[in-house]
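If you look up TrEMBL, you'll see R42 marked as L-glutamate binding site. According to TrEMBL, the feature pyridoxal 5'-phosphate binding site maps to A76, T77, W102, T152, D172, Q195, N237, T238. Summarising the annotation, TrEMBL assigns domain 'Aminotransferase class V' to 5-348. Annotation source TrEMBL lists N6-(pyridoxal phosphate)lysine at K196.
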Amino acid sequence: MARVINFSAGPATLPLAVLEQVQAELLDWRGSGMSVMEMSHRDKEFMSIAHEAEQDLREIMNIPAHYKVLFMQGGATAQFSFVPMNLLRGKTSADYVLTGDWGKKAAKEAGRYGKVNIAASSEADRYTYIPDPATWKLDPNAAYVHITPNETIHGVEFHIEPDTGDVPLVADMSSNILSRPIDVTRYGLIYAGAQKNIGPAGLTIVIVREDLIGQAAAGTPGIFDYKQMADNESMLNTPPCFAWYVAGLVFKWIKQQGGLGVIAERNARKAALLYDYLDSQSFYRNPVKKAHRSRMNVPFTLANPELDADFLKGAKAAGLSGLKGHRSVGGMRASLYNAMTLEGVQALVDYMKEFARTRG
Ligand code: PMP
């Protein structure tokens, strides 16, 4: 078996133990005589998988009972629309803080449903920092404030949880959910596509405070309505069963590792290893303000971009995959999600050093 060290931004590397369990259970899930892909979502076997996954997620993230957990489809991109459809609640506008392309896309989509107020943006500085919350131009009458705690393309991450008072805070946590403990009660709604820290693509997790749902805009399709989804335990229609099952295994894996505290320490060490190296030399460079650097996605450029193709070719030969930067910013990007090991990051740093030594 030749598995690569996979730095892809998503879909992304999964814990080997989880993949091995999926393999072991693939043909016959625990004596059911069938794979999870072949089960009715209404049968007790799948219902037990679904409930256990939710319970484990609630436990790991310490999600209070007055929050609903939804297992949806359509990716985070669908949530760019579902959020305003559900959370405008008769109000006219929402605040968006732009710290990267994903937040900008979310704001653009929200503009189809209501007025969008850009409360702060670092676009003019190519999204290399998070505007100080003290400078945000928040509207006290906004329906909600939307942030992207980790911008996957630009490698910018919030290391604080901003206080938006009585206005609910909505967070697209697609690329840093489950990377460390958070205080769920500071958020009105959290959403995340699964394909980074949760499991396979096709599943989107929504964690929403109960009092915010039930006032979807007229014309909102039932399947996009958080209240209808919550009332039907995310089974208004056939859910992404297999992705839900694998996500459940990932939640168990996180518990076995010791929970989000342990995961967070590991993630901090992994990121420090790479950033310390980046800051120690001038062959490679990361443009993000130090205090706002992402622990999950580390973009970097080579001083001489003509070497990019060679860098990637050598990386591939060394078993390092998925390092090409996003097409909109170029350069490289190493994604260090939960399933990436410290040894994997060390292998990357060793390769980068050797490449710089021979080409620098
Ligand atoms: N938001 C963030 C922060 C992302 O990283 C991504 C995907 N990379 C998206 C939204 C879009 O997610 P999806 O492809 O699941 O719609």
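In case you wondered, yes, glycine gets a Cβ from its N, Cα and C as well.
TrEMBL entries are annotated by machine, without manual review.
DSSP classifies D172 (pyridoxal 5'-phosphate binding site) as strand under the three-state reduction. Of the residues the record lists as binding pyridoxal 5'-phosphate, namely A76, T77, W102, T152, D172, Q195, N237, T238, the two whose Cα atoms sit farthest apart are 30 Å from each other.
Take the CB of the residue listed as 'L-glutamate binding site' and look out to 10 A: across all protein chains shown you find 9 other CB atoms. Screening the recorded positions A76, W102, T152, K196, N237 for a C-beta under 6 A from any atom of ligand 1 leaves A76, W102, T152. The Cβ of W102 (pyridoxal 5'-phosphate binding site) lies under 8 Å from the Cβ of A76, T148, E151, T152, I153, D172, S174, each of which sits 6+ residues away along the same chain. Under the three-state DSSP scheme, K196 (N6-(pyridoxal phosphate)lysine) falls in the coil class. Each of the binding-site residues T152, T238 was scored by the number of other CB atoms within 10 Å of its CB, and the largest score is that of T152.
Residue environment of N237 (pyridoxal 5'-phosphate binding site) contains 11 other Cβ atoms, counted within 10 Å of its Cβ in all protein chains. Cα separation, the residue listed as 'L-glutamate binding site' to T238 (pyridoxal 5'-phosphate binding site), rounded: 9 Å. Listed binding-site residues: T77, Q195. The one with the lowest count of other Cβ atoms within 10 Å of its Cβ is T77.
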